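Q: What follows is a structure written as C-alpha cells; I'll ask about it next.
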Amino acid sequence: MQDPESIQINHRPELTDLAPRSNDLGSKVVPEVTCEKSEDTGNRELWEKVDPRDLKKKQQYTRLEMLWLAYQSIGVIYGDIGTSPLYVYSSTFTEEPRYDDLLGALSLIIWTLTLMVSIKYVLIVLRADDEGEGGTFAIYSLLSRYVWPSHSTQPRGMLNSTPPQANIVRRDPREERTIKMERSLSTDLNRTTRSTRSFLERSGFMKAILKIVGVLGVSLVMSDGVLTPAQSVLGAIQGLKVVKEDISTATIVGTSCGILVLLFLIQPLGTSKIASGFAPIVVIWLIFNMAFGIYNLVHFDHSVLKAFSPFFAGDYLVRNKTDGWKSLGGILLAFTGVEALFADLGAFNRSAIQLSWLSFAYPCLLLAYIGQAAYISNNPAAYSNPFFSSTPPGMFYPSLVVAILAAVVASQTMITAVFQLLSQIIKLSYFPQIKVVHTSNIFHGQIYIPWINWLLMIGTIIVTAAYSNVSLPPR
C-alpha cells in the first residue's frame, strides 16, 4: 500500500493550460486536468475531466482595486463595531465612575481593541482563510482538507479519480475538483501536532464535534443577522426621543420596519454598490468620533492617556473584584461585530480589511473612547450618554443624524456575513442548493442570496414588532 503522504494532487491549473485540444477528426474534446503523479505511479497517467468554469482560484487585485475594496469594507464591516462608542461606557458603569475606575475601563477598552481585534483577528485569524473565504465554516473546511481518514491509503501505482480527503465533510462535487489537496509529512510535525492529527483522523467522536461546532458557529452568526438589523434600527430611531420625548411607540416601530424593508429591498444591488453608498456614512461617523475625541482630549483631561499602560486594566479588576469582572460585559461591546471582519472576508480580502482597520477604523475608535473618557473625567454624570454629552458646541444635531444613519448601516454588516457564510455551507452540502447571485464582475466573492434575503427581512420585522420597547443601547 502506498503511503498517502507521498501523494500531492494539484487541482488548480492555470486557465491558459486548459485550451481545448482537437482529436484526429477535428472535433473538440473536453479540457482535462492531469493529477500530479508520485514517484511510484510509473508511467500510468490518470486524467480527470474538469469544466474550466468550475475552477476556483483566489482572486488577485491591482493596487487601485485594493484601495477601492478597503474603502468598500468600511461601509460594510465597521458599521457594527463603529457604533459601539454610543453605549460602551453607559453599559460598563451603573453609577458615576471614579477616576481610577474610568482609567481602568479605558485601559481595558484600549487593550481589547489592540489584542482582540488588531492582533488576533486582523493579523492572525484573517490568515486562516479557505481559498479567500472566511468565517467559522471556512476554518472547518480548511481543517478537513488537511486531515485524512486513517484508511485513506492508495493502491501502489494508482491514484483515485476523486481526490482523497477527510471523512469530515462531503463537498459539492464541482467544488471538490477545484481545490488543492495537501498533507504535511509526519516527519515535519512535532510530536504533539502529529498526535493531535492522528487523533482527529481516527476519532469519529471528534469529527462529530467539529461538525457540531462548525454548524453552531454559523447558526449563531445567522441569528445575529436577524437580531442586529432589528435592534440597531429600532435603537437608532428611539434615539429621536432625545429631541422629541413624546414620540409614540407605534411611530418608532412603524418607522423602523419601513427602514428595514427598504434596507432589504436594496440588497439585490449587490455588495459593491451598497458598500460604496454606505461607506461615506461610516467614514463621516468615524471621522466625527475621531474629531470629537481630539477636541475632548485637548479641552478636558489629557491625563487619561495614562490608560495605555495595562497596569490600570489589571488594577481595575483587582480592586473591583466580582463587580469588575461583571462590568466586562460592557467592555465586550467595544468589539461587538468583530466576527464580521472574518465572516465578510470572502466579499473583500485580507489586505483590504487590514488596510482599512489599521489605518483608519482602529485609530478613530481609540481616539473616540479616549476623548469620551477625558470628558467623563471632568463630568462624571456624562457616562450615561457619553457620545452625545461630549459633542462639541453646535455639533449635537449633525452628530445625531449621522449616528442614526450609522446605526442603520450597522445592519449591513451581519446581512453580508450571512450571505457569505451560507454560500460556504451550501458548497459543503449542509444546506439545500439554492440560487446564489454573484453581484460583481470585478470582485468575484461578492454575492446575494434572494431567498435568504427575504427570510431575513421577515424575521427582522417580526423581532422589531415583538420587541418594540428596546431601549438604547441596542446591544
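Note that Cβ sites are derived from N, Cα and C of the backbone, with glycine treated the same way.
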Q: Would you mind telling me which of 1-26, 157-182 TrEMBL tags as region 'Disordered'?
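A: In TrEMBL, the region 'Disordered' feature sits at 1-26.
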Q: Quick check for me: are there 3+ Cβ pairs below 8 Å between the transmembrane segment (355-376) and the transmembrane segment (102-123), leaving out pairs under 6 residues apart?
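A: With 3 or more qualifying Cβ pairs, these stretches touch.
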Q: Among 66-90, 102-123, 208-227, 247-266, 278-298, which stretch has the most Cβ pairs under 8 Å to the transmembrane segment (396-426)?
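A: Counting Cβ pairs under 8 Å, the winner is 66-90.
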Q: Please identify the stretch among 102-123, 208-227, 247-266, 278-298, 328-348 with the greatest number of Cβ pairs below 8 Å relative to the transmembrane segment (66-90).
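A: Between the stretches 102-123, 208-227, 247-266, 278-298, 328-348, 328-348 has the largest tally.
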